[in-house]
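Quick look at what Swiss-Prot annotates:
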DOMAIN    36-68  domain 'LRRNT'
DOMAIN    198-252  domain 'LRRCT'
CARBOHYD  N90  N-linked glycosylation site
CARBOHYD  N117  N-linked glycosylation site
CARBOHYD  N125  N-linked glycosylation site
CARBOHYD  N257  N-linked glycosylation site
REGION    260-297  region 'Disordered'
REGION    351-370  region 'Disordered'
REPEAT    69-90  repeat 'LRR 1'
REPEAT    117-138  repeat 'LRR 3'
TOPO_DOM  328-370  topological domain 'Cytoplasmic'
TRANSMEM  307-327  transmembrane segment
Amino acid sequence: MLAPGGGPEQRSKLVLQWRQVSWITCWIALCAVEVIPACPFSCTCDSRSLEVDCSGLGLTTVPPDVPAATQSLLLLNNKLSALPSWAFANLSNLQRLDLSNNFLDQLPRSIFEDLVNLTELQLRNNSIRTLDRDLLQHSPLLRHLDLSINGLAQLPPGLFDGLLALRSLSLRSNRLQSLDRLTFEPLASLQLLQVGDNPWECDCNLREFKHWLEWFSYRGGRLDQLACTLPKELRGKDMRAVPMEMFNYCSQLEDENNSAGLDAPGPPCTKASPEPPKPKPGAEPEPEPSTACPQKQRYRPVSVRRAIGTVIIAGVVCGIVCIMMVVAAAYGCIYASLMAKYHRELKKRQPLMGDPEGEHEDQKQISSVA
């Protein structure tokens, strides 16, 4: 509403101001559209935490329009079974990725190639059976890795190379039977390791990993449980409680197998020796060198009863020695106290007994005076 008596100049000024305000409002709206990225369909986005939540939507593919500035991407509880190598391309700012509770059976080698700032990776409860050794080489800042509840039977050597910042690793509920110590050597910052609910075979193949576990526990690392499944004598027993002498046979077995392959030079051994040629009539057959392969000794697990018996015998011997030392010390103390008491009583009796030689000299002096 114009004030009464306003002229055309005042009207034109008001119209001009109104146009300026409209232009400024439109410009702000356009800037807001450019700054705030579009959110993928059916997903929930938080512009403050830069989190995109696409969990529980029944997705079979990763949404292609995830904003490049996303720092947290949640894709758990979906139906993802196969992912292309470019599924997370251009998401270099991503720090947290959750792919739990899906149907993934394998991961392309370069699927995490652009995730250089990734610090947390959740792959729990999938169907992953194998992992490429270079899968995590482009994520050196990774701190938390969860591979539990999958079908992993082994870990490729070099899988954890370069993961110096990794603090927690979960390998629970897989099909792991043994682990290589060299695979875990690069994990200098590891604080928590979960390996429970795996069919561990506590034999020679797990000896070196047991050494690494002792070092890991010594520097303050936490381990849930590593219960043996085989051999049956150790079933249910924690690997850390198995005495090291149970693995003494492993070194002997390796030495015997190595020496079997370093015998005197001769023809190469074969599994089935060829039939000797038929001798000529009237000629004596010449003995031929044996080409049979020496049979390697199979690993025979040391009896748990024998190991426990050795420990018990050693404890009994040590106990007897300690008891003998205590008895000897007590006997010495008693003997010393008795001797001290005897000397005290002897000193008390000496003034009462008198000196017979002194009395004899006194009698001589008296007789000479008389």
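Note: Cβ is positioned from N, Cα and C throughout, glycine not excepted.
Structure with Swiss-Prot features highlighted.
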residue : record                      : Cβ neighbours (10 Å)
N90     : N-linked glycosylation site : 11
N117    : N-linked glycosylation site : 15
N125    : N-linked glycosylation site : 19
Alpha-carbon spacing, N90 (N-linked glycosylation site) to N117 (N-linked glycosylation site), which is rounded to whole Å: 12
Tally of DSSP helical, extended and coil residues in the repeat 'LRR 3' (117-138): 0 helix, 3 strand, 19 coil
Cα separation, N117 (N-linked glycosylation site) to N125 (N-linked glycosylation site) (Å, whole number): 24
Tertiary contacts of the transmembrane segment (307-327) (same chain, 6+ residues out, Cβ under 8 Å): 243, 245-246
Remote residues contacting the repeat 'LRR 1' (69-90) - C-beta distance under 8 A, at least 6 residues beyond either end: 37, 49-62, 96-115, 122
